[in-house]
Amino acid sequence: MSMVDEPLYPIAVLIDELKNDDIQRRLNSIKRLSIIARALGEERTRKELIPFLSENNDDDDEVLLAMAEELGGFILYVGGVEYAYVLLPPLETLSTVEETCVREKAVDSLCRIGAQMRESDLVEHFTPLAKRLSAGEWFTARVSACGIFHIAYPSAPDVLKTELRSIYGQLCQDDMPMVRRAAATNLGKFAATIESAHLKTDIMSMFEDLTQDDQDSVRLLAVEGCAALGKLLEPQDCVAHILPVIVNFSQDKSWRVRYMVANQLYELCEAVGPEPTRTDLVPAYARLLCDNEAEVRIAAAGKVTKFCRILNPELAIQHILPCVKELSSDSSQHVRSALASVIMGMAPVLGKDATIEHLLPIFLSLLKDEFPDVRLNIISKLDQVNQVIGIDLLSQSLLPAIVELAEDRHWRVRLAIIEYIPLLASQLGVGFFDEKLGALCMQWLQDKVHSIREAAANNLKRLAEEFGPEWAMQHIVPQVLEMINNPHYLYRMTILRAVSLLAPVMGSEITCSKLLPAVITASKDRVPNIKFNVAKMMQSLIPIVDQAVVENMIRPCLVELSEDPDVDVRYFANQALQSIDNVMMSS
């Protein structure tokens, strides 16, 4: 083969592989379409590669999905925006295939390209494509059509706009529920491009059709449209057209529709204004909180704080809190868990007095819940309550429960408590901490679960930073060093880790006098894992202590370890010795 032909050779291979029987090869080639296009140049890409892709009737969904994705970013390779329209035919074909994810990606790419196209090209090429898909024999084409109307509409002349609105209306009444679902899903996007005069007539007419659909899968997607349309309409129109629909939906016979309402309701409050919220939406939300279907209560409970933020505190206390109290003892653990994940956020909304009177008892009952996730969700948000009621009240009312949870049988709960301790310590102050929580922090170092022991070691470091080296020297270091001879080597490893974390906080003097001797003793341990961890630790201590200490205490210890029978111990000891030499050379 001549030298001239050489650069074209890999491209020829890639093009051949587009037709290869092996799926993986076809896929690799499709993912390199941009390389092929760059090699062919813009004109040949337009005239040869794109037509080839349009005719490519590959039957593998993975290949088609990759093609749909690649073509979305292909404008650059066909000669820029003025030639963007040449990419539409292959994507039109892809948007009619059976596999949903391929169609969705093709629609995404059509929208990406359409958003960059010139207005004249949109009218000449993109809008006819939308019309063809809308009239497609297979429902797959009509489903895809719904997703591109918001791109086609804005640049169309008035006559064409009228036609597009009419076509979308027909899609909303299509025989196939899959098409009506797509029309409901995309109605908000389409509505955002429509002039306000037509919004109140054409779009609201389509919306009404969808809200009265006999398929609950269509109605629940129409619920999502409520919030989107509500933001586009004037408040009075929203009250007239959207509010009655939402109130009806909140009592729909299908729990899936009610579930969607529970998820969306708080967004509508802003659209309709305070008075309709008070008279219509608050009772609707209270109904959903007490719904007979657990899934609906879960959705409603998860939005309780967001909903209460929109109301004034009196309304929340009067109408929502009684339902919240009921939910805190709900028969479904998932409802209680959803409530626990957000209820702490109600404290800033309701204020100090209402929190103390109404919320604290609920917090306490959830902290003692039999289901660990419920307890976990409360613990992780305690700081939100502390900001409202102050640490004294928090410690009196909730601390006994927190101390109890520190020994919880579920390790994730213990872990959440440990991670909360430094924050609690900083707010409780040193005296309170020593009395109530100090012993717990030591106890965790000998937990059965590795993650707890590791978190406990990190916790000691954070406490030493919070209360200072003097306090740590009195309350942490002696207790930690006592444990370094624990019979179980895994616990000895934890103590070593705690020592290595404390050393930078404690400073050179305490490290040399108290911590380093304990580490050197540990270097004579019978377990190789301990010894190589000592070697790693020594390396981290080099920057903390004086050069004389490094030479007189650390180096001899490492030299001894570098002659250990165990290969890992020797490796880490030599690494640490290398570090010492590097420090010596640089100084």
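Heads up, the Cβ atoms here are built off N, Cα and C, so glycines get one too.
Features reported for this protein in Swiss-Prot:
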MOD_RES   Ser2  N-acetylserine
REPEAT    2-42  repeat 'HEAT 1'
REPEAT    44-80  repeat 'HEAT 2'
REPEAT    81-119  repeat 'HEAT 3'
REPEAT    197-235  repeat 'HEAT 5'
REPEAT    236-274  repeat 'HEAT 6'
REPEAT    276-313  repeat 'HEAT 7'
REPEAT    314-352  repeat 'HEAT 8'
REPEAT    353-391  repeat 'HEAT 9'
REPEAT    393-430  repeat 'HEAT 10'
REPEAT    432-469  repeat 'HEAT 11'
REPEAT    509-547  repeat 'HEAT 13'
REPEAT    549-586  repeat 'HEAT 14'
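Counting same-chain residues at least six beyond the ends of the repeat 'HEAT 7' (276-313), those with a Cβ under 8 angstroms from any Cβ of the stretch are 239, 243, 246-247, 250-251, 255, 258-259, 261-263, 265-266, 268-270, 319-320, 323-324, 326-327, 330-332, 334-335, 338-339, 341-343, 345-346, 349-351, 354. For the repeat 'HEAT 3' (81-119), same-chain residues at least 6 beyond its ends with a Cβ under 8 Å from one of its own Cβ atoms are 42, 46, 50-51, 53-54, 56, 61, 64-65, 67-69, 71-75, 125-126, 129, 132-133, 136, 138, 140-141, 143-144, 147-148, 150-152, 155. Residues of the same chain lying 6 or more positions beyond the ends of the repeat 'HEAT 5' (197-235) and with a Cβ under 8 Å from any Cβ of it are 165, 168-169, 172-173, 177, 180-181, 183-185, 187-191, 241-242, 245-246, 248-249, 252, 254, 256-257, 259-261, 264, 267-268, 271-273.
Listed as Cβ neighbours of the repeat 'HEAT 11' (432-469) (distance under 8 Å, sequence separation of 6 or more from its ends, same chain) are residues 395, 399, 403, 406-407, 411, 414-415, 418-419, 421-422, 424-426, 475-476, 479-480, 483, 486, 490-491, 494-495, 497-498, 501-502, 505-507, 510.
Long-range contacts of the repeat 'HEAT 14' (549-586) within the same chain, counting only residues at least 6 positions beyond its ends with a Cβ under 8 Å from a Cβ of the stretch, are 512, 516, 520, 523, 528, 531-532, 534-536, 538-539, 541-543. Residues belonging to the repeat 'HEAT 2' (44-80) score a mean pLDDT of 84 in the model. Here the repeat 'HEAT 2' (44-80) has Cβ contacts under 8 Å with residues 18, 23, 26-27, 30-31, 33-34, 36-38, 86-87, 89-91, 93-94, 97, 99, 101-102, 105-106, 108-109, 112-113, 116 of the same chain, all six or more residues outside its ends.
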